[in-house]
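*Asks:* Heads up, here are the entries from TrEMBL:
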{"type": "DOMAIN", "residues": "28-321", "note": "domain 'Plant heme peroxidase family profile'"}
{"type": "ACT_SITE", "residues": "H69", "note": "active site, proton acceptor"}
{"type": "BINDING", "residues": "D70, V73, G75, D77, S79, E91", "note": "Ca(2+) 1 binding site"}
{"type": "BINDING", "residues": "T198, D242, D249", "note": "Ca(2+) 2 binding site"}
Amino acid sequence: MAFLTLFQALLILSLAASTLSTRPYKNGLTPYFYDYVCPQALPAIKRVVEGAVQQERRMGASLLRLHFHDCFVNGCDGSILLDSTATIESEKFAAPNNNSARGFEVIDQIKAEVDRVCGRPVVSCADILAITARDSVVALGGPSWKVQLGRRDSTTASRTTANNDIPAPNMDLPALINNFKRQGLKVKDLVALSGAHTIGFAQCFTFRNRTFNDSNINQAFAKNLRSYCPRTGSDSNLASLDPTPARFDTLYYNNLLTQKGLLHSDQALSTGESALELVKSYSYDYEAFWKDFAKSMVRMGNIKPLTGNQGQIRSNCRRVD
């Protein structure tokens, strides 16, 4: 009888722990949102992401960037994916995204595969972006984290907000801090999330002014950049954001300590005491960087999600149903 009582007690504790672990967070999101409605969803997304990154390593950074640029415009609601219509001004043509944001075809492929394995549209495009960002980082050797899920998709987009709220590559540190503060993010989030620039590339027009006019730039580094990013023309020529653009490591922060940040906004992180201390820490402690990056990705992913009856679950990420 005593054994039975003990067994029952353990069972009750186990069920209670399970209930707590699956309870939605205060914003309505939970990592376990699809566990019962479509447990095949996350593995399907991972397979497509891994295939896309294996085919083109640069795609990992592009997919991660889509999530950033989505969340900074009225929250993480998939609005960046909407094409223009008579009533929608697509964010794809905002200055930070035009001829720059990419990976939309991969998102389309993921959406089609997820809807296939789930049997119907149950996974939002906003959640697909959040999961894809995590899986892209992992595919390039970076950390993993539990993605909060349960977002719904917007029925609108805002090119104006995209132009105003997505951080610009020419921002100085006070402007960056204020930009992130408006999203409910702190200096630590700014420095950790900027570490996403440990992968990927930037176009010449985003760093030209820095190479010719900034004083806090390594001169040999600047000279090399000017060789394929002259004062005029070659706007779309690419330069890697750090020496290992297909590996999620800490060399981005090492570069900042030697004045080799590619963008003005990158090097700006070394101009403030609190930000610089974090840069120094992350430059030699990859575990601290990975831990803080993962936490900040979750915080960013929590920016103004649509939940419950808000928005919709699109059947096509490019248009409103």
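Glycine is treated like the rest: Cβ placed from N, Cα and C.
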*Asks:* Would you mind reading off the Cα separation of V73 (Ca(2+) 1 binding site) from D242 (Ca(2+) 2 binding site), to the nearest angstrom?
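*Replies:* So the Cα of D242 (Ca(2+) 2 binding site) lies 26 Å away from that of V73 (Ca(2+) 1 binding site).
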*Asks:* For the recorded Ca(2+) 2 site formed by T198, D242, D249, which further same-chain residues have Cβ atoms within 8 Å of the site's Cβ center?
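*Replies:* Once T198, D242, D249 are set aside, the remaining close residues are G195, H197, I199, L241, P243, T244, P245, R247, F248, T250, L251, Y252, Y253.
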*Asks:* I need the nearest neighbour of D249 (Ca(2+) 2 binding site) among the binding-site residues D70, G75, S79, using C-alpha distances.
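*Replies:* Sorting the binding-site residues by distance from D249 (Ca(2+) 2 binding site), the top entry is D70.
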*Asks:* Given the binding-site residues D70, G75, D77, E91, find the one whose Cα is closest in space to the Cα of T198 (Ca(2+) 2 binding site).
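*Replies:* Spatially nearest to T198 (Ca(2+) 2 binding site) by Cα position is D70.
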*Asks:* Using the alpha carbons only, what distance in Å do you get between E91 (Ca(2+) 1 binding site) and D242 (Ca(2+) 2 binding site) once rounded?
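*Replies:* One finds 27 Å between the Cα atoms of these residues.
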*Asks:* Using the structure shown, find which entry in D70, D77, D249 (the binding-site residues) has the sparsest Cβ neighbourhood within 10 Å.
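*Replies:* If we count Cβ atoms within 10 Å for the binding-site residues D70, D77, D249, the smallest count is at D249.
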*Asks:* May I ask which of the recorded positions H69, D70, G75, D77, S79 is closest to D242 (Ca(2+) 2 binding site) if we compare their C-alpha atoms?
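*Replies:* For D242 (Ca(2+) 2 binding site), the spatially nearest of the recorded positions is H69.
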